[in-house]
Structures are given as C-alpha cells and as structure tokens.
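As recorded in TrEMBL, the features of this protein are as follows:
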type	residues	note
ACT_SITE	Asp133	active site
ACT_SITE	Glu198	active site, proton acceptor
BINDING	His131, Asp164, Asp227	Mn(2+) 2 binding site
BINDING	Asp164, Glu199, His477	Mn(2+) 1 binding site
DOMAIN	249-396	domain 'Peptidase M20 dimerisation'
SIGNAL	1-24	signal peptide
SITE	His260	site 'Important for catalytic activity'
Amino acid sequence: MDPIVGRMASSLLAFLLLLDGGMFSPSSPPTGLLEKVFQYIDLHQDEFVQTLKEWVAVESDSVQPVLHLRRELLRMTGLAADRLRNLGAHVDLVDAGFQQLPDGQSLPIPPIILAELGNDPKKPTVCFYGHLDVQPARQEDGWVTDPHTLTEVDGKLYGRGTTDNKGPVLAWINAVSTFRALDEDLPVNVKFVIEGMEEAGSLALEELVQKEKAGFFSSVDYIVISDNLWISRRTPALTCGTRGNSYFMVEVKCRDQDFHSGTFGGILNEPMADLVALLGSLVDSSGRILIPGIYDHVAPVTEEEKRTYEAIDLDLEEYRNSSQVKKFLFHTKEELLMHLWRYPSLSIHGIEGAFHEPGAKTVIPGRVIGKFSIRLVPHMNISVVEKQVKQHLDYIFSKRNSSNQMTVSMTLGLHPWVANIRDNQYLAAKRAIKTVFGTEPDMIRDGSTIPIAKIFQDTIQKSVMMLPLGAVDDGEHSQKEKINRWNYIEGSKLFAAFFLEMAKLH
C-alpha cells in the first residue's frame, strides 16, 4: 500500500473509532508548535506502530526464571537503549547484578536504563518511569493470535506488552522524538528510568533509587509513571492513589506426610478442616473483613473526595458485563469505587498442599498452607495489621482445640500511595488532557499496588504522578492484552502537550 494512503486509512480508522466509542474531540484546534507536533504524530503513526510491533516481538518475560528469556530481556533493554541514544540521550546501563534462585542457580538481572536529555537549569526536569518486561504468554494459553506478533483488529493492537508497559514507554519516546524530528527544543529536561524486572518484583530498583538519590535523581523535579489504566473506555484519567498490600501465609501442620482417609479419617484433627475454618473467619459474604480493629485506622472519607467519585465516568452495567460478573456487592458507582480504591479488602488466593488435580483422591493432607492478602489504604499501619491478623487467627484456632500446629507469617508488606493533586504536574496533565481529548480527566485511584510510586515519593521527596494511557478493557496480563491505536497515538500527543504545559507552569 502507498504509505500516504496507509496513513490516511489509519487516521480515518482512528476517527471512526472515536465516533464509535464516544471518544472526545480536542477542546479547540491546536495552533503553532502544538499543531506541528500533532500533525507529525498523525503522519508518522504507522512508524510508531511498527516500532511497537518490533518491541512486542521480543519475549521479554521476567517471571519465568529461564536463561533464554533473560537473554530476550537483555535484547529488549538494548533495543530501548539504542532508541534513546538515537534521540541524543546520554544513556547509562546500570548493572543490577544477579537473581539467586531457590535451587542455587543464578540468573542475570537486566541492567536498568538511566537516560537523560537536556540539563537546562531554567527548565523543569521530568523523569519518566516504565518497564520493558512482560508476563508470560503462549498462544496455547488461549490467545487467538501469537502474543508476540502485534496484530491489529478494528483499531485494537493485540500483543503481550502492548499496554503493560511497552506501549506507554514508546508513547513517551514518540513525544520526545517528535520534537527532535521537527528540530524543536524540548520544552523540559527529560530523564528516563526503565527497568526489566517489574513483573518479578522490581529486583534491584529500590537499591538503585537510594544509591542515585544524590546523583541521577538530584535534579529531578517531577516523576511520571504510566503503568495503569483508565476506569473507562472513553474518558482519560489521572491516577492519584493506590492501595498497599500485606500478604499472609497460614500453615496448619499435623505431619509432613499425607494420610489415607480410610485409615485415619475420623480419628484426628485434619489440617485442611482447621485451615478452611481459619480462612472462613476472615471475611463475610458482603466483603467486610472480620478481623477486629482492622478498620480503626482507615482515613475517613471527606466531602471533597465523595464529589470526585460522583464525577467519574463509569457505567456500572457496562463495567459488570465487561468483567463477566453476574453481580457486584455494591449497587451504586460511588459505593463500588470506594470499596475498590479507598477501603481495605481481603482476598483468599489459594491453598498449598491440597489435592487439586482432576479426579478423586482419598487423601488427608498432612500439611497445608493458606494464602491471603489485605489491600491496605491510608492510614493503616503494616505492623499493626500484621499483629491484628495473627491475634485473630490465634483466637479462632484456639477455639477449635486442635492438636495441629498453626503458624502465621506475613511475607509482603507494601504501603499505599496517595499523591498531592494540587502539584503543578497534575495541573499540567489536566490541561494537556483537555487539549488532546477535549474533556476533563477522571481523577481515579487504583485498587492494586504499584510499589515504585511510594519508593520514589519517599526516597526522592518529589512529586509523583500516574498518567495512564490504556482503556479499562485493555486486558493487561490477560490472553487478550491490547492497546487501541487511538490511545497509543493520542497518548503520544498527550505526553508532548504535557511537556509544553509543564514548561508554562514552571
């Protein structure tokens, strides 16, 4: 196809998607430099999609500890570093050491990219965080197409990593490259922190942030993260908070070997029965956590906060249908969002040691481990929560008069994060969203945990903002992961407009 015709077809498709999805138009046509930037991005969108295709083709899975996948991660890191160098950035690949595996083997951790463009003291310095690694994906897991071959269907770009997080990383790079291609000065100094182990717990990243606090990060004014989604398919969003997480294991043990239920059933305290009783005591059918005192330190909801939930664009019926859920626990948008974002929740994840294969096996497990977690909100204290959980489970177990042994341990404790939405970069992002999308953003929180936001905020003591690009139905981690071409291209424009707004406000 002729490249000009191809670009026209792509632009037409994006416009039709905009109409079909109820998307918004810019509040007023861009003028001057912004107009040139937007035109360039529109005309080169197929090139931007092609680069995303090349990045998706790299199987940069950090979750499976396999050497050939680590080599793919190293290749992905090299591709990104080369891309930044071609823009004129100074790039450092920081050695992150090795990951020690339980079997005694070790695997290399891909280096962390620290890159910078510009050091004008009169300009603000904005640092972008993103990651290049992905969750495992195989076509036999249920993908319609090869997950590592970018496939466009009706304006949707399917492939592993498209929305989490290669697409947003490239959108930021696209914005920077557009100013370079137009031979225009960047409105802000730009820094990049790009890692390859986010899906595996961001190994070595916190240590690097601490080490570079007085170095690479000393000149940073603002940090932007684009690693989550809108709450809507239509309305862009700014994320101003996430929940924390405390993960627990509760083990009930009689002995290391399993029992035959015909030989031992009825004459001993069965570990599984004890564990089921313990897990059943944690939360009721309405979702309320039953651990005494757990809600004591939850921050009260203010009237201003209530108004933000009322303004959010969320169709409950559409959300329920897209989630393939018969019924939610709450019947209003405000109740649902508050229980998703700003109240704690407890989820039971699984039981280790129990028979779970197909078929019938008359076994009594001799040792079982239940796994559950509590999503934390301000102002819950991790150590207090740990104490409350252990006291509650000790009490429930003591009432059973079991001869088994019970052990409770907290294996993960991550704090919630809340931003100051009055910071300059939130104001700049709101203005940029209005310019690109023609509407005010939803001010949302995220019910999940993104530890790096809290790490940056506490360590560097600078403003952190989450500026998502993907729609609510992007299916991150699923067999249908995608990013809409429209979100990817308009997101590239959004980052460019954000640079200009930040320069005005600084």
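Every residue gets a Cβ built from N, Cα and C, even glycine.
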Spatially closest candidate among Asp133, Asp164, Asp227, His260, His477, the listed recorded positions, to Glu198 (active site, proton acceptor) (Cα to Cα): Asp133
Rounded Cα separation (Å) that holds between His131 (Mn(2+) 2 binding site) and His260 (site 'Important for catalytic activity'): 49
Cβ neighbours of the residue listed as 'active site, proton acceptor' where a neighbour is any other Cβ within 10 Å: 23
Sorted by sequence, non-Asp164, Glu199, His477 residues with Cβ within 8 Å of centre, Mn(2+) 1: Val134, Gln135, Gly161, Asn165, Glu198, Glu476, Glu481
Listed recorded positions Asp133, Asp227, His260, filtered to Cα within 10 Å of His477 (Mn(2+) 1 binding site): none
Cβ neighbour count within 10 Å of the residue listed as 'active site': 25
Spatially closest candidate among Asp133, Asp164, Glu199, Asp227, the listed recorded positions, to His260 (site 'Important for catalytic activity') (Cα to Cα): Glu199
Listed binding-site residues among Asp164, Glu199, Asp227 whose Cα sits within 10 Å of Asp133 (active site): Asp164, Glu199
Mean of the pLDDT scores, which run from 0 to 100, over the domain 'Peptidase M20 dimerisation' (249-396): 95
